[in-house]
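**Q** Shown below is the structure under consideration.
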């Protein structure tokens, strides 16, 4: 509180005190609130609960691998689903209905997702490195040749080539769907979006059948380990990308995306293009060159 005159005092808390004939009067006034472009997240219980859920899922996986009874750990699955739903619901409310995802927040989310894709690329690069090392410097134990002696590789011109066509077509269709959404034609965007989901399901089906028909397994030497590790890891990413596309499709049908504001869909499409590019590397290196 600082004194301005004998009859007027100004408060830093937004009020003025007047003295008239020895009587005190308080007048409150409002000051404009400057909104920051950043989003200061409110306290949330979901990170702690999700951490406990992931611990339960990891413990359940360890018990399953070691053939230990896990009846008491099944609670982790429904709790995980409920926590994930609640967390995503809060994020959607903040982004769509409360307007917290400003351009500054969107640019931060985009940068974080790009760094995530770079980390994913490094993960695949490590397994590609193992494949190149084993192929270019074959050891005596596998016959000093590549592929190893006695191993029948898969024909790249059959299922792998079909899968390549499916993923390339799905990337084209999801890009077309994105363009139609930006042009404001949501129904054509939905139709091409459904085509993308159908192509992704066909890819997953073909990959499963390829594993079922394969004459070797992940335990058949370094070739089997690298092959199933790379293709299996990519398959998990395709499943994850498909789930992300389904999630964004539901939001698009609920009219939560506009032609200007659809950051989640853009990031999901980027992720789908990423798995497509990784598959092209798998196709040319593992199926053609490595065989």
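Every residue gets a Cβ built from N, Cα and C, even glycine.
Model, not experiment: these values are computed from the prediction.
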**Q** In TrEMBL, one of 21-37, 72-88, 89-105 is tagged transmembrane segment. Which stretch would that be?
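**A** Residues 72-88 are the ones TrEMBL records as transmembrane segment.
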**Q** Tell me which range among 206-226, 269-289 TrEMBL lists as transmembrane segment.
**A** 269-289
**Q** Looking only at residues six or more beyond either end of the transmembrane segment (236-257), which have a C-beta under 8 A from one in the stretch?
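**A** Same-chain residues near the transmembrane segment (236-257) but 6 or more away: 88, 92, 96, 120, 174, 181, 186, 189-190, 193-194, 196-197, 200-201, 203-204, 207, 264-265, 268, 271-272, 274-275, 278.
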**Q** Looking only at the recorded stretches 46-65, 72-88, 269-289, which one has the largest tally of CB-CB distances under 8 Å to the transmembrane segment (108-132)?
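**A** That would be 269-289.
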**Q** Within the domain 'Heme-copper oxidase subunit III family profile' (34-291) only, compute the mean pLDDT.
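**A** Per the prediction, mean pLDDT sits at 88 for the domain 'Heme-copper oxidase subunit III family profile' (34-291).
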**Q** Six or more residues beyond either end and a Cβ under 8 Å away: which residues meet both conditions relative to the transmembrane segment (269-289)?
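**A** Sequence-distant neighbours of the transmembrane segment (269-289): 113, 117, 120-121, 124, 128, 131-132, 153-154, 156, 160-161, 163-164, 167-168, 170-171, 174-175, 178, 196, 226-227, 230-231, 234, 237-238, 240-241, 244-245.
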**Q** May I ask for the residues of the chain that lie six or more residues beyond the transmembrane segment (46-65) and have a Cβ under 8 Å from a Cβ within it?
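**A** For the transmembrane segment (46-65), the sequence-distant neighbours (Cβ-Cβ under 8 Å, at least 6 residues beyond its ends) are 73-77, 79-80, 83-84, 86-87, 90.
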